[in-house]
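> If you scroll down you'll find the structure; I have some questions about it.
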Amino acid sequence: MGLFILRRLGVMLLTALCLTFIVFWLTNLYPNLEKLAKTQGNFRMSDEAVASYLDKNGYLEPLPVKFGQWLGVLPGWVKEVDGTETGKCFNAGTPVEARPTFCGVLQGDWGSSTVFKADVGGIVAERLGLTGKLMFFVMLLMVPMALLIGVLAGMREGSRLDRSLSTLSIASTATPEYVSGVIFIAVFASSAGWKIFNGSATSAMEDATFVNFTLPVVTIALYGMGYIARMTRASMTEVMTAQYIRTARLKGVSFGNIVLKHALRNALIAPFTVIMLQFPWLLNGVVIVETLFNYKGFGWVLVQAAGNNDIELLLAVSVVSVIVVLATQLISDIGYVYLNPRIRIS
Amino acid sequence: MEPLTWGEIFVRVVLQLTPVWIALVVIFALSITFKRRLGLYGKLFDSTVGMIGFGLVMFWVFAGILGGPLDMIVTHDPLSQISGMKNKPPGTALLSPDEGQYEYFLLGGDNLARDVFSRVIKGAWIVVQIAPMATLFAFMVGITLGLPAGYYGGRLDTVLSFLANLILAFPVILLFYLLVTPEIVLTGIPNYMALFLFVFPLVFATILLNSRYHTQPKVRTPLLIAVIGLLGWLYLSLVSTNGAVVATPDYRIVGLPTFVDLFDIDPGILVVFVSVVFVNSPTVFRIVRGLAMDIKTRDYVAAAQTRGEGPWYIMLWEILPNARGPLIVDFCLRIGYTTILLGTLGFFGLGLASESPDWGTTINSGRQLLRAFVHPAVVPAVALLTMVLGLNLLADGLREESLRD
């Protein structure tokens, strides 16, 4: 088991390294750098001005060197322009003895954002907190609802309840967030429908209330709910046809007791994996919903960073999302082994 | 003139869609009459859910085809603006209709005074074209790489699976934001990706036919020449624009000359298409690989191996036909997923032009004024919802029917 986790961690590290390199490469293509220079300077910069801006800020070094500097395994660039020395790791004002040679991810320095003019680590931590709040409520709503629908649908396969709940779950998986969000705003938060909720969740960042936080939470939860419910249903129907359930029935155990005491525990093993693997998908939903409802969390930062080619912020965002994806995969594998004693990893 | 009531709007929309209803009735009547002779497709008409799904999907397919290239259903030009119709509610009459012009905006006007109804129909054509084609290409890539990975296993499998997981670990939206930008189009990267991804149908068809007929050179040689010639021509037309395969400001790689180039694809659409194929392929790869690993232990595969058949014959003519059930179901689901992805791209304003009538872009432009004017965003949202729902129900019906025997 220990070896298995160690190997998985190794693969994770390799994947994260490859992915960040791809992001690094794509964001450092010359047209992207040109766009960055123009958004930082002005839009009518000449080609020479762009080149000199990029050179002054260390963007024109070879790609592997820049990547090494970002990682913190190569010394940061140092440039001397007009007698003042600037570098990746310090400003002109920093005293010479306080200037570090290396400043990269390994040293805990994630660089600075060109859009927000602030430290990347701080931005990401703050926004992750906001998104964490959103996700917490999403999970709180989505998981119990999905399990309930799945168990209810799966306990009597083919019944009318099963058919209607299954159709409901299909409908929910067929409704992407930008569709359900738009419809929810139209019905519950516009002048044409009832004005029960707020169509914007900006105020929910400080103070989340029922009025301003319901729509974004429901919108994200709805899309994931159908999928988990269908998996739970499949697993539940399988358990309900097992021999030991039939034995319990023949012994005269009541239907409620069979479902709650005999079937449920075994039926919930498969959905656990699905719920964990749902996290990366929720990330997509978060980006869409935060854009739609103007909730300035992690997804909103991703859109801002990507739209403005904010290289270091984008890299931090991708590192975080890759870690989320890979960590949930790992947890789902380990959890599966613990929940299901029949599975052994050699 | 008075604006229409909701009942009148409904009647007029239904009447406007008459060609679609006729086409639907014809296809349902034909399919139900001959359903015993149509295999899995015919069996679909035994399941209510499957029929509803099929009906919804075909509704949009017919609406797209009849309204798009044939120009039948639409009431106004989807791009032209008509004065005084900005953000008008559904059923508003035109201020001063010209001779022969349709007098109403049936589903209202959007923020640029264009007809919402016509835009949704034209948007259906874009979705109906791109989504199935992109899914098909993704399947070609996934099958061509997934079969050997599952069949041979070993180091090939390790490398390919690692690459697939690498792409899958990317958040889709981040990938889109990195790939689908005008700056990336300038570097020519989408063209290189197109060169790589679009070659798979050609490779697939060649291996498929060669593995079957290589023992009969008299059949094989002319067949392969014809197929490679035709598909190769299509491939080269697909990847080359204005006589170049890759054209960046710094250099260009010469492609098919313009006079034999069958069609040109707009660079905006090409990059959307390529990235959707790129995102979908790894999932298909994983499914095909899993199926191949499962099926290769069957007796008929062992029998084929004992007969001395080549590995590609076994993969393509023994394993693939027996994996068709789950693959067909996944194909339907994946078209729906691709539709959602296209909508996501439009929602973030990536790739397609901002005046494009496709549903995602329309939702994006409608959402700015959503709190005040609901209809410009809700109509395409409902359209996308029904289409994807139809595909999901269709897949569910197919799964149920294919499991039955």
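Note that the numbers count up from 1, one per residue, in the order the chain is shown.
Glycine is treated like the rest: Cβ placed from N, Cα and C.
Pasting the relevant annotations from TrEMBL:
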| type | residues | note |
| --- | --- | --- |
| DOMAIN | B:124-395 | domain 'ABC transmembrane type-1' |
| TRANSMEM | B:13-32 | transmembrane segment |
| TRANSMEM | B:44-66 | transmembrane segment |
| TRANSMEM | B:124-147 | transmembrane segment |
| TRANSMEM | B:159-180 | transmembrane segment |
| TRANSMEM | B:192-211 | transmembrane segment |
| TRANSMEM | B:223-247 | transmembrane segment |
| TRANSMEM | B:267-288 | transmembrane segment |
| TRANSMEM | B:331-353 | transmembrane segment |
| TRANSMEM | B:373-395 | transmembrane segment |
> Grab the same-chain neighbours of the transmembrane segment (B:331-353) for me: Cβ-Cβ under 8 Å, and only residues 6 or more beyond its ends, written as numbers and ranges.
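Long-range Cβ neighbours of the transmembrane segment (B:331-353): 126-127, 130-132, 134-135, 138-139, 172-173, 176-177, 180-181, 268-269, 271-272, 275-276, 279-280, 283-284, 359-364, 384, 387-388, 391-392, 394-395, 398.
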> Report the listed stretch (B:44-66, B:124-147, B:223-247, B:267-288, B:373-395) having the maximum count of Cβ pairs within less than 8 Å of the transmembrane segment (B:192-211).
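If we count Cβ pairs closer than 8 Å to the transmembrane segment (B:192-211), B:223-247 scores highest.
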> With Cβ-Cβ distances below 8 Å as the criterion, list the same-chain residues six or more beyond the ends of the transmembrane segment (B:267-288) that contact it, or say none.
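Tertiary neighbours of the transmembrane segment (B:267-288) are 130, 133-135, 137-139, 141-143, 145-147, 149-150, 160-161, 163-165, 167-168, 172, 175-176, 179-180, 184-185, 190-191, 193-194, 197, 241, 323, 326-327, 330, 334, 337-338, 341-342, 345, 350-353.
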> What same-chain residues lie close to the transmembrane segment (B:223-247): Cβ under 8 Å, and 6 or more beyond its ends?
188, 191-192, 194-195, 198-199, 201-202, 205-206, 209-210, 213, 253-258, 260-265, 267
> Which residues of the chain, 6 or more past the ends of the transmembrane segment (B:373-395), have a CB below 8 A from one of its CBs?
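The answer is 44, 49-50, 52-57, 59-60, 87, 89-90, 107-111, 116-117, 119-120, 123-124, 127, 329-330, 332-333, 335-336, 339-340, 343, 359-360, 362-363, 365-367.
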> Would you mind listing the long-range same-chain contacts of the transmembrane segment (B:44-66), meaning Cβ under 8 Å and 6+ residues beyond its ends?
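Long-range Cβ neighbours of the transmembrane segment (B:44-66): 17, 19-20, 23-24, 27-28, 31-32, 35, 72-73, 121, 124-129, 383, 386-387, 389-398, 400-401.
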